[in-house]
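Working notes, beginning with the structure itself.
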Amino acid sequence: MKLLEERILKDGHILGDNILKVDSFLTHQVDFSLMREIGKVFAEKFAATGITKVVTIEASGIAPAVFTAEALNVPMIFAKKAKNITMNEGILTAQVYSFTKQVTSTVSIAGKFLSPEDKVLIIDDFLANGQAAKGLIQIIEQAGATVQAIGIVIEKSFQDGRDLLEKAGYPVLSLARLDRFENGQVVFKEADL
């Protein structure tokens, strides 16, 4: 997605060898016009697949997931990283390791929001090692629902997340694919669109 790649080049900041900071438009402050375009692109790609729910993980996946769900006219569910007292029955959980935060969290979704009839599109902000998507897949499959595809805003193609997910049989669509960081700049790999 050219618009996204341009924004990454303009406002993204490389930290160390493998972290791209995009807090000015995605992971802290949200550019809603960009998220709306991202949502439209995902919706156009997956409209014919019969998606009934969009699922993400809090927090930075929420904005692109909301706009994708809006464009598809289906509900959006986000997995919570912290358990609260109102989620006390029928909880579906999985362990998820965060590459960026270097911690493992138990993420959860109330089972009443997913059913075996659901066809789910997973949307997330980043794909690095694939652990967030893997955890969401486990939760969705616990409900008996089907994962139709995984939509990623920014993929770190130099990490093994895509390979892990595709080998398990899940289609992955990334709007921006980072090939590498070179001399303080992002070098893109050809995106899926």
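Yeah, the Cβs are placed from backbone N, Cα and C, and that goes for glycine too.
Per Swiss-Prot, these features apply:
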- LEU20, THR27, LYS156: xanthine binding site (BINDING)
- ALA128, ASN129, GLY130, GLN131, ALA132: 5-phospho-alpha-D-ribose 1-diphosphate binding site (BINDING)
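Features recorded in Swiss-Prot, as mapped to the structure shown.
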| residue | record | DSSP (3 states) |
| --- | --- | --- |
| LEU20 | xanthine binding site | strand |
| THR27 | xanthine binding site | coil |
| ALA128 | 5-phospho-alpha-D-ribose 1-diphosphate binding site | coil |
| LYS156 | xanthine binding site | strand |
Beyond the site residues ALA128, ASN129, GLY130, GLN131, ALA132: chain residues whose C-beta lies within 8 Å of the centroid, for 5-phospho-alpha-D-ribose 1-diphosphate
TYR97, PHE99, LEU127, ALA133, LYS134, GLN159, GLY161, LEU164
I'd like the Cβ neighbour count for ALA132 (5-phospho-alpha-D-ribose 1-diphosphate binding site), meaning other Cβ atoms within 10 Å of its Cβ, all protein chains included.
27
Length of the line joining the Cα atoms of ALA132 (5-phospho-alpha-D-ribose 1-diphosphate binding site) and LYS156 (xanthine binding site), in Å
14
Counting every protein chain shown, other Cβ atoms within 10 Å of the Cβ of THR27 (xanthine binding site) number 19
Taking the centre of the Cβ atoms of LEU20, THR27, LYS156 as the xanthine site, the remaining residues of that chain with Cβ inside 8 Å are GLY12, ILE19, LYS21, VAL22, THR100, ASP125, PHE126, ALA128, ILE154, LEU178
At the Cα level, what's the spacing in Å between ALA128 (5-phospho-alpha-D-ribose 1-diphosphate binding site) and THR27 (xanthine binding site), rounded?
15
Rounded Cα distance, in Å, between LYS156 (xanthine binding site) and ASN129 (5-phospho-alpha-D-ribose 1-diphosphate binding site) is 8
Looking at the binding-site residues LEU20, ALA128, which one has the fewest other Cβ atoms within 10 Å of its own Cβ?
LEU20
Return only the integer: C-alpha distance in Å from ASN129 (5-phospho-alpha-D-ribose 1-diphosphate binding site) to LEU20 (xanthine binding site).
14
